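Report on the following structure.
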Amino acid sequence: MTLQALSPVNCTGLLQPGCSLLQLDGEILLFGQKGWPKRSCPTGVFGVRIKHSEMKLRAISFSNDSCYLPPLRCPAVCRLDPYDGLPESYLIHGGRTPNNEISSSLYLLTMDSRGCNRKLTLKCKEKELVGEVPGARYGHAMSIVQSRGKTACVMFGGRSYMPAGERTTERWNSVVDCPPQVFLFDLEFGCSSAHTLPELSDGQSFHIAIAREDSVYFIGGHSITSDSRPPRLFRLRVELLQGSPLLSCETLDFGLSISSALVTRTGPGHKYIVLGGYQSDSQKRMECNTVILDEKGIHIEHLEPPKWTQDIIHSRTWFGGSAGDGCILLAVPTEGRPSQPDVHYFYHVSFQQEKESNEEEGTQACSQESTDYDNSTPLEDSEELYFGREPHELENSSEDEGDIYNEEDEEDESQTGYWIKCCLGCQVDPNTWEPLYSTELHRPAMIFCSKGEEGHWVHAQCMELSETLLVKLSQGSKKYFCLDHGGLPYQEMTPPRQIIPVKRTPMKVKERNGPLMLKMSPAKKSFFKRLFD
């Protein structure tokens, strides 16, 4: 086995405990990174590439009919191998957002297409569950079971916020273990059912879940109620009968006292390597184990760990995940080193035999990409990074150079992004932000200041705009100037000039001031003259 240091190339800010890494079609994908999706990658999903001891990210696009995949941390992620003509895919349930909101949604992530330059396009669909639906949670696990020619998904564990009726002022955002229920739902119709088993009496989170055929093994885990990591090992057997499913649970004696462990699979068989994790809140578990599933059951054996570096030994926290068969990507924070520019140290741990490593060096080696999830609270992040890369990508290939993520490019976010300091008195904190307006869904409302040639974006909350005014500014054509550039709430666009038609009144006949003159014949004139005389 080998332990090799990696050099991240302008991407350390996106690899944090809680983000997720997946592997689709030989591509390693990263999502759930710290902060909201950046402008250089609107989907918030990146392809991860490890090659020649360097780690790089590049943007991944989604199909037009895909739904929005939030940046989830510590979700339950389950790989679904191809079956019945369906492609390989991933099920993603729950997780926490950067605003500490807990999700209850279920997403199905598949590959949509490959471009002529092998550029990957994904498709994400939200699946609706009916029946006894599991609530919002994180730190839980999902597994796929197969029985009697049928396939179903098993979900167990996790933690969530305390119910609203039990909250107090001091414990408003306290988390608790979810009830120890096992949820079973089919993937075709989305029917979900909850099952309570007497052997599963306590809730647990950040445990290991490994499945083979109709059995799921739950290893270790942390319980908030007892604040302990007992060496638990359960075997859950699921029989998918014609009517209702039959579930049975068996408690085994040889478990592991561990939480947030990293698991990697070695080859096509059901042989796994368990590394890392925690024995207590202040003690990492530095040992390694081999877990084998066969017809007789489960076998756990001790495995010699790699020779840890001093940075790994003295670090308080660590996270990572599977980087291909028999490989693990490991990260530890650069604690107490202000001169260190990177946030984390990254290591590539390989448990492959030396002969196998040399055979694959020319094709995969460290060119495999990684995708996993690792961002939750310290000592609670149970993330599994899956890094892999297809061998067709040549060393000098530059086909994806335009999509490589560079943290320096994000400097432009000061003008166009959402998580920015929009002004000197900006009050929006991406870690503690809560919706201020009823119109806000996933991120704070912003308004465009028209000052200058290009203008800039500012938070409506920082500008102390009322919701009525915010809605009014979003309608019609109005120019807005922030408090730093004019101080006026808004300025109406110059209205088009209206030409008022001239009022034409008919001319009136002038009144006569003189006596009324009548036309008379000379005979009548002579008659009236004699009459009045």
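Cβ coordinates are placed from backbone N, Cα and C, and glycine is handled just like the others.
Automatic prediction, not curation, is the source of TrEMBL annotations.
Here is what TrEMBL records for this protein:
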{"type": "REGION", "residues": "357-413", "note": "region 'Disordered'"}
{"type": "COMPBIAS", "residues": "386-395", "note": "compositional bias 'Basic and acidic residues'"}
{"type": "DOMAIN", "residues": "417-495", "note": "domain 'Recombination activating protein 2 PHD'"}
{"type": "BINDING", "residues": "Cys422, Cys426, Cys449, His456, His459, Cys462, Cys482, His485", "note": "Zn(2+) binding site"}
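Everything TrEMBL records as a feature, shown here on the structure.
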residue	record	Cβ neighbours (10 Å)
Cys422	Zn(2+) binding site	26
Cys426	Zn(2+) binding site	14
Cys449	Zn(2+) binding site	21
His456	Zn(2+) binding site	19
His459	Zn(2+) binding site	24
Cys462	Zn(2+) binding site	20
Cys482	Zn(2+) binding site	25
His485	Zn(2+) binding site	16
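Within 8 Å of the centroid defined by the CB atoms of Cys422, Cys426, Cys449, His456, His459, Cys462, Cys482, His485, the record's Zn(2+) site, lie the Cβ atoms of Cys423, Ile447, Trp457, Val458, Met463, Leu483, Asp484, excluding the listed residues themselves.
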